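Feature annotations, courtesy of TrEMBL:
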DOMAIN    A:66-259  domain 'ABC transmembrane type-1'
TRANSMEM  A:12-31  transmembrane segment
TRANSMEM  A:70-91  transmembrane segment
TRANSMEM  A:103-124  transmembrane segment
TRANSMEM  A:136-154  transmembrane segment
TRANSMEM  A:191-214  transmembrane segment
TRANSMEM  A:234-259  transmembrane segment
Amino acid sequence: MSPQAFLRRVGFVLFLAVVTAFWALPMLWLVTAPFDAHPGLTVRWPEWTLDNFRRLSESPYAFSSLRNSVLLAGGAMILVTVFGALAAYALSRVHVPGRGAILYGMLLLSSIVTGTAAMVPIFQLMFTLGLIDDRTGVILVLTGGLLPAAIFVLKDFMDATPRSYEESARVFGASPTQVLRHVVLPIARPGLATIAVWALVNAWGDFLTAYILLRDPTKTPAGVVMYTFYSEGGQANLPLISAFSVLYALPVVVLYIFVSRRYGFRFHGGIKS
Amino acid sequence: MSDHAADAAGLGRPRAAAFMAPALLLITAFLVVPALWTLVLGATNYRLTGLAAANPQFVGTGNITEALSDPGFGWSLWLTLLFVLGSAIFGQSLAGLSLAWSLRSAPKVVKAVVETLVLMAWILPSSVVAFLWVAYLSRHGGTLNAILQTPGTDWLIQHPMASIIVFNIWRGTAFSMLLFSAALSAVPPSQMESARLAGAGTLAQLRDVVFPHIRGHVLTNTLLISLWTFNDFTPYLLTAGGPNHATEILPVFIYNRALYGGELGYGSAISFLMLIINLVIALFYVRLLRERR
């Protein structure tokens, strides 16, 4: 190996080491502190215990907030997938007047009207509708924000499913709803699964929408409760925070492992480029 | 049955409209109406409490002109610019590109580990990663101070902007990394090989062989991550805009003034300005997409 190639090799290894450290170091705490008998802010080898999780059950809002998160994220996931699939199927199969304009408008809208830019009117709207402090309101706002992108992706999936299957089902006397349920949905399942996981992860991690629309601590989801755990004055309760954050993060990690095992977590050139 | 060929399932227009109705209704109610509402609300002196709450007055473009002359807004806009330039356009793009480039030739295990770490930072819930960084950067007992041997440094107080910029690079690089690895795999290996045989260094290869192939991806990536970073509320979870407005980027500025401070009319006017900036970035992006089709 020439000295130059050797230096390049050293630089390469060094770069990877620095990069790994940069991404891993902040996350290490999430792996060690929840299982440490006396968790501090510093990462260190823990005195192993599961006691922190037992203490979690003594906190009034920990488990109820996780249940709220399940409700909110589950509700948004179902609405996004069902409404998105129906709309995408109709847009894909029937020449609706102004289809191009609808799709173009949705692409623009979804990128312009973000939760942060629209937080004031959304707050005002929900206030007028009497949906402040109502979990349904949060689900609807989250669904509205996620739907345009979902329809976009799902329409591509629907366009790619062959029409000949539907035609033969029709020949055998299936009604349009039966065709949708028994022919189209099974074929479009990978697309539906992708959108469902995407919507779930987005709604599960949501902070802002629930933060501005919910007041009652028994209704707030885990994202908001996590913030109040560490932002409210006084000594941060590290055993509680660490155990809670690992429980709250776990579903996302499990979904990630599932998705990357099953489909591979990368873009297949289909990404808008 | 003129459009029978296209309508294989025999849906028909009425049923198609019924299929689209729920989605369009929700999108109208929670995206279109709020966007238009910023205009209406932004033209009043509406407040959450007090006299102006019961009887808001029409002030026309008063809020916009007030914003444009408000030093707080100007400062916030400047911080947002720094945040987008530093963490997205330079930080995430360069980190994503160098990760995608170097992981091509890395051993499989290393590649899998690094990719998983970067992706985790991207998909974990924002309040969890925010606390991880609060702990990491904390003055007493923070891991960063222990590593750098700088005990007593309060990063979020002494270097607040730098902290949230580095945090956002950590948080969001995954997207650029994924996009650029997809782009790089489309560069013909034969061209890289001949460039290497001709003695081109890494930088020359990137500039002369790779860049012409991925120019479209670079633009797409820059526009999308700029839009997302511009609308990112996560820094609020680290600093809440402080200390003393030092990290009050636009989303946090709107929250603090409108929902915390109760000036809904003024906040709406700022939201409207933010929507206009989003519109400019998005139009640019859609135009680009259409040209490439």
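Cβ from N, Cα, C; glycine included.
In this chain, the transmembrane segment (A:234-259) does not touch the transmembrane segment (A:103-124); fewer than three CB pairs sit within less than 8 A of each other, excluding pairs fewer than 6 residues apart. Long-range neighbours of the transmembrane segment (A:70-91) within the same chain, counting only residues 6 or more positions beyond its ends whose Cβ lies under 8 Å from a Cβ of the stretch, are 99, 102-103, 135-136, 138-140, 142-143, 146-147, 150-151, 154-155, 157-158, 180, 184-185, 188, 192, 195-196, 199-200, 202-204, 206, 210, 221. If one looks beyond the transmembrane segment (A:191-214) by at least 6 residues along the same chain, the residues whose Cβ comes under 8 Å of a Cβ in the stretch are 69, 72-74, 76-77, 80-81, 84-85, 115-116, 119, 122-123, 126, 131-135, 137-138, 141-142, 145-146, 150, 153-154, 156-158, 185, 220-221, 223-224, 227, 251-252, 255, 259, 263. Long-range contacts of the transmembrane segment (A:12-31) within its own chain (CB-CB distance under 8 A, at least 6 residues past either end) are made by residues 41, 43, 242, 245-246, 249.
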